[in-house]
Each structure stands twice: as structure tokens, then as C-alpha cells.
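Asker: Feature annotation from TrEMBL assigns transmembrane segment to A:12-40, A:90-116, A:128-149, A:170-190, A:210-227, A:256-280, A:292-313, A:325-346, A:352-372.
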Amino acid sequence: MGQDPLFLGHISLGVVLIVVVKVLVAFVALLVSVLLMIWFERKIISDMQNRIGPNRAGPYGILQTLADGIKLFFKEDLIPEKSDRFAFKLAPYLTVIPAFLIFTIVPIGGTVHIFGHVAQLQVADPPIGILFLLAMSSVAVYGTMLAGWSSGSKYPLLGSVRASAQMVSYEAAMGLSVAAVVLITGSLGTRDIVNSQMGSFFGIFPKWNIIRLGIVPFVIFVIAITAELNRPPFDLTEAEQELVGGFHTEYSSIRFALFFLAEFMNTISMSAVIVTLFLGGPDGPNLGGPAWIWPILWFLIKTGAFLFFYVWVRAALPRLRYDQLMDLGWKILIPISLAWLLLVGAMQVSKVYGFVLFVVFLIGGSVLYRAVSIGRDNDSDVETITTFTRIKFNDETSIEGSNEGDN
Amino acid sequence: MEESLSSLKLLRQSDRGELTMVKQVSSGSPNKASNPSKDLLSKEVEIEALAAETSEGSQEMFERSDTDMVEFRRESGSVLRIAEGAILDSSDIDVEVSEDETMIINMGPQHPSTHGVLRLMMELKGEMVLRTKPVIGYLHTGMEKTAEGLSYIQGSTNVTRMDYLAPLHNELVFSLATESLLGIDMPPRATWIRMLMSELNRLSSHLMWMATNGMDLGSTSMMIYGFREREMVLSFFEKTTGLRMNHNYIRPGGVAADLPDGWYDDVLAICQTIPGRLDEYDEMLTGQPIFRERTEGVGIITQAQAIALSASGPLLRSTGVAWDLRKDIPYLAYDEVDFDVIVGSVGDTFDRFAVRLAELRESVRIIAQIIEKMPEGPYRTLDKKVTPPPRKRIDESMEALIHHFKLFTEGIHVPPGESYVAVESPRGELGCYMVADGSAKPFRMHIRGPSFVNLQSLPTMMAGSLIADAVAIISSIDPVMGEVDR
């Protein structure tokens, strides 16, 4: 504490004020955008499904979420008797706080000049930026896991087991695809990542990571993020049809609302992170007017496109099964992202190495694919039998005897 | 823990008198706050009493040690009537699961995807289902007994509430059973109207199934689309019968009213719209890798198993048995229309989906033929003992007045005898067994509900699948609990 420049008096009040204002603005903006996001999702999905959607509270039903929030706030807060009370109360906060903290490292725009200070439009730019993102999304797993476990009920338990397994396995694929970004940027800070994506190839193609890295890490990252967010089609942890409500089955009132707040906050934060990592963040052409406004607008447009994408996916796709989800994560995404990471590394060292490695991967991958498919064909008739459970029966004769009685 | 378990077992066997005693003990425990251990004990007793009170007795699933071998095999999916060697090869048996590793979980009766109040008790190992046992009776309303207190004229208001998604089929089978005892002939228009309405009802029921099945697999859009198309059919029903459900339209002696003006155009519009929409479903679900992975190879039931479990309808046809009562025992005028019986090949959830999707197309084909062939003439039988005279005749004829009076005070007198009539409802063979004793009320009426019979194939399909599959499998049977419990 004693070494902190804040307490040594080296930092002026203006800087402190700017930080406080930035935090407040970010927090309020995130909350408001959650309200809008829920309304947006419900409106878009109802358009896609030939419904009207919310249209009562406020113009075009835009205040519906607020009304829902107020309703939930005044509901009775139930804590199940069998629950672990401390963990039960803690869990919603463990999901909300990381969701907000992830947003703090996202650069929203360029720089602005306030009161003679130069301020970046970003709450914080820690040198460990991306590690912070990974750490926070890991902490969010605890919220989900504790919520299910502490409820003292079977369905939430199943939901939380699914959640922790799902989030942990997709974290690996996500980390590997982020590593490719870090490799090409040479820095963990989000501002550096954004800055390195400025400019263009041949004046036409933007120099964004989605193009620089090939599209693969981007696709893997988007899939992994969707799983990490528990959004459809990976919303197994809260599959209403299977697990009633998943980990938040036993929650009510404001705690229940907090889970939804966290989910939508995470959706927005992660969309912003995708934009930052792969789509150049606030990068975009300046089309006239004040210079500081265009980066913000570009950022919002890109993030909005991803939010729309998530809604679209939700309307179009059914839900995956748990084992299929794990297969996708471990058998497809992780190997591909690992191979691609090696490729990007080799390209960094030398173009020749890169292309040689690419050919090696191409040949090796096709040989492996062929081997796996041959193995599958040979295995297929065995597999159908093993899908049935085998249970030991000691008493064969008693079955025969009771058969007649049964008929 | 051991003690509480054994006392629980005792409580299960105990009668209601003992139960109230336990309750009194629990509520009478003094100063709860000061004595936590006593409080905990009374709580435990209270929970046990509650468990005993809500217990369904032998209908429930018990721990492995408490289950006898026959029951155990049934729950784990053996079909007892087939030679056991065909189902379980003893050389395959290699797993012995201990009780610590498994968990018995209740799915329902208040679960979002059990299609009403079906309760499944499942033994899980992780997410894998080892044993399943359906517990039914939560919607039991005694409709079969009620039918004995209602006259034949009133009867169809009762049966229409059984399978609430296919009410017209229920009315149809009840009317056909009554008419077979009466020995009256139907005018052709009545027969064709019945056929039109029941085929439209098959359409609405299958569309509803598409909707709920989509919902169960997490495809929320499909749910809305299914309901949207069903709405078209239902609004035609409303126009014809006055109601969207529980029509009481098909009655012994004919139908309640003639088709409304403009019926041809309405039905034609349905026939023209639905096939295009079905192609959209095809694109949305059949062409969807996630959907296929979720349904293919899930909940397989073999032909022999399905027959042994007396399954019928799409469930049986998905295994490749071309058993459709419309073709095999034609009723109404189904032998005069041209249609195909759809069969599957594997007997998995996807096949049941595909069979229903193709059946929708066949239904549209049948309806298109019906509206072209619809004959003119009376829409109910002209037998004076069955059909009340029109209002005008009552003013003119004394005989008509007497008939009217007798019909609405006593009802139709059905000659003694018994008969069983079956029709192909959207869910399978819907049968009505009727015993008449010469009075105006049935002596006994029994309904063979296809949902009820099909439900017993659940443990067989469920064994070895995951919880997520369980939802898909329940949905693929398409049970309507109103019909299961009656």
C-alpha cells in the first residue's frame, strides 16, 4: 500500500476523477446495454418466429426488461433448506462481477482529451490484459458451479456438473486461439492488440486479426465463447427441457435476476472481446465529423453485429447433447487450434517453415482422418451393442418362472 | 442414515393411521430453536412422513437392493415376452453398478418436458440412464367410469376430453362403437365429413408434435412454427364445430352439423399451405446436423420389441412394420382414397420424426382427395330412433314430437351386445370396447389409449441413453397424459 502512487500523492485529483468517471460510465453503460440487449434479443427472435414480442412497457416494449427486473426485485427471496447458505448467496455475485470486469479491459474507442489529460476510452489497460480475460472467465465457472452445488437439489447439481465440465474444456480451445492473437501481436495488452490491427493490406483489406491469422482462430474463438457463455446451442447447463432450469433452478427473486444479468453482460462483454481480438476493435474509416466519435461507432456496430449473430443462432439451432459438446470441444476444436497455433508460430519465424509445416499438417491431417474413418467403419457394429447398458443377471431361472406370471 | 432409511421403508408400508401419528409427533416437538439436534430429528421425521404421504407405492422405483429381479429387468429395458436370449446376451454382461454410484431422479410430474404430468423415475449413473420407470395416474379423472353414467348422446362430450390433441378421433371411435351395436348405416356424406375432420385432426396433432418435439430439442423456432400451422387447422375446426378443442362434433348417428359455407376454400387453403411449410421444416430440422445427431440412433426399439410391447402408430411404423388401421382394417371410407403407409427402418427417434413428417404429407394428400370426392346428402342418419327430428317437423307431426321427447329424456336405446372398434389415431391404435345392456347408457366402456400402451416401451428405449436423450425419447412417443390416465 505504501508504494502505491495514489497514496504517495504523485497522482493528481484529475486523474483519479477520470478513472472514477470511466468506471461509473462503463458500469452504467453495461447495465443499460443489458436492458437493451434483452429487449433486442426478444424482439429479434420474435420477428424470426412470427411473433410480436414485448410491446407493452414503453415504446416498442423497450422498458420490458426494467419491468421484469422490478418485478423480480420484489419477489420473495427463497433459500432452500438443504442448501449451503453461504455459497448459495455468494454464487450469483461470482458470476456477475467477472462479467463486468471482462468489459473493463475492452477498448471502446480511441483517446480523448479531458481537462488537459489524455484519457483512453477504456476503463483499464493492464499489461496482462488477455490473461485477465482468461482468469475472469475461469472465475465465472465458480459462480455456476457453486450455484448448482449449493442448492442441495439434484437437477441443479447435474446442471453445475455439466457447466463446469463444459466451461473448463472450452477454456482450453479459447485459450489456444487467443494465444495465436498474442503471438502475432507480441503483447498481452488489449490496447496493443487493437493498435497492431490498424492499417490495411494493399489499401483494401483491413489488417484485422481475422484476416492476418486466417479465419480459423476466429471461428474457434467464437464457438468456444458461445460455449463459455452458455448461449444456445450450447446452453446445456440451463436446458429447461432437460434440467428444469439447470444451476439456477432453486434461485428466485433478485439472485435469479443476477444470473440473467450476468449472462447477458457476459454476452455483451464477450462480443466486445471478439471485436477487440479479431475485428480491429474501434478500427474503421473516418467518415467525417468529430474524429473521436467514429471509433466508438465502429466498435458499437461490430459488437451489435455479434449480438445479432447470437440471437440468430439461438433462433435457428437446436441444442447439442452433452457428449457431443465434449466431442466437439476436445476432439475437434482443441486439436485444430493447437495445430493452427503451431502454424502461426512457424509463420512468425519464417515463411518457409510455415508453408512446410502447413503441408505437413495437411498430409498428416488427411492420413489421420482416413485412419479414424476406417476405424469407425470397423467399429460401427460394435458400437450399436455397447450403447445398451449391460447389467449382470445372476438368476436366469427366476426370470423364466416369473415370465408366466407376468403374462 | 440407516435407521431413517429403514423407517422410511416401514412408513411406506404403514397405513394412514400411523402416518398421522408420525405427523403429530413432528409438530408437537417443543422449543425448536433451543435444541437443534431434536429439531433436526423432527425435521427428518417430517420429511419421511411427507415422502410416505406422496409415495406411489409399488409404482415407484426403488434402490437396487429393494427391487426384485423381474421388476429390475423390466425397468432396465428388457421386454419380458420376447425370449430373453434375443435381447440380453449373457456374454455381454460385464458391468455391475453399485448403489453408491447411482442416483434415482424424478423427472416429473412437474417437469417442463414430460408432456403433461408424466412422472419418470430414472436411475442415473452420471448422466446415463440405467433404469426407467414411468409413474402415471396424476391426471386420472375416471372418464371410463363416467361414461357409464352418461347416455350415448352425452358420451361423446366425455370421450372428446381424453386425448385432447385428437378429440375428433376419440369421438369417432366412440360413435363407431355405438353405431356398430345399433347396426345403422351412415349416409355417405356423414362418413366423408368424419374422414375429413379426423384427417385434419391428424394434421393438427402431428403439427403440435412437431412443435413440442422441436421445443424439447431446444429448437424454439420450430415450436412457434408448429403452433402457427396448427392454428390454421384449429380455426377451421372452430368454424365447423364452434370450438377449437373438445368439439363434440362427431356423434352417434352422424355429425353435429353440416360443413359451413366456404369449407371447400378453407380446406383447400390448408392443403395448399401446409406442404410448403413442411418443406421448410425439412430444411430447418432434417437438414440440420445438430438435430440429426440428437435424434439418429437415439432410443432405438426393434421390430420384435415394438410388437411384443404392443406398440402402435408411428412408434411401431418407425421400426418398419407397415401396420396402419386405415389400410389394414379400413374404416369409414379409407379404402376409397389413395395414400401410402409410411414406415421407418431403424426405429430411432429420427425415424419417428421422419414418419410423422411424411404422414403429414400423406394426410394432406388424403384431404385433397376427400374434398374432391365429398358427396352430397344428409349429414346424419335418417333413423328416427337415433337422430332427433328437425325443429320444423316437431310442429307438424305428433310422432316427431314423441321421438324428440324420448330421445332427449331417455336417449338412444342400444341393443344388448358388445363390440370393439379401433381407429388409427395420430398416436396409434385407438380402440373403444363397448358393452351395452339395452338401456340408454353403456354398461361398460373401455378405451384402448395408444399413448398408454406406447408408454410402456419407454424403459426399453431409454436404457443406456443420456438425460438429454430421455427428453427426445419421451417426445418421440408423443404421449398425451389425458389419454394415458383417462
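Glycine too: its Cβ is placed from the backbone N, Cα and C atoms.
Note that the coordinates shown come from a computational prediction; the quantities given were computed from them, not determined experimentally.
Buried or exposed, and what's around them? Tell me for each listed feature.
Answerer: Proximity of distant same-chain residues to the transmembrane segment (A:12-40), defined by a Cβ-Cβ separation under 8 Å and at least 6 residues beyond the stretch ends, is recorded for 6, 54, 61-62, 64-66, 69, 100, 103-104, 114-117, 119, 122-123, 260-261, 264-265, 267-269, 307, 311.
Listed by sequence, the residues of this chain that lie at least six past the ends of the transmembrane segment (A:170-190) yet keep a Cβ under 8 A from its Cβ atoms are 105-107, 122, 125-131, 133-134, 137-138, 141, 196, 209, 212-213, 217-218, 220-221, 223-225, 227-228, 276-278, 281, 329, 333-334, 337-338, 340-341, 344-345, 348.
Long-range contacts of the transmembrane segment (A:256-280) within the same chain: residues 30, 33-34, 37-38, 41, 68-69, 72-73, 92-93, 95-96, 99-100, 102-103, 106-108, 130, 133, 140, 143, 147, 178, 181, 190, 193-194, 197-198, 206-210, 213, 217-218, 221-222, 225, 228-231, 247-248, 299, 302-303, 306-307, 310, each at least 6 residues beyond the stretch ends and with a Cβ under 8 Å from a Cβ of the stretch.
With a threshold of 8 Å between CB atoms, the same-chain residues lying at least 6 positions outside the transmembrane segment (A:325-346) that come near it are 165-166, 169-170, 172-173, 176-177, 179-180, 183-184, 213-214, 216-217, 220, 223-224, 227, 234, 236, 353-354, 356-358, 361, 365.
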Asker: Sort out the residues at least 6 away from either end of the transmembrane segment (A:292-313), same chain, that have Cβ-Cβ distances under 8 Å to it, and list them.
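Answerer: Apart from its flanks, the transmembrane segment (A:292-313) reaches 37, 40-41, 44-45, 48, 107-112, 121, 226, 231-233, 267-268, 271-272, 274-275, 279, 281-286.
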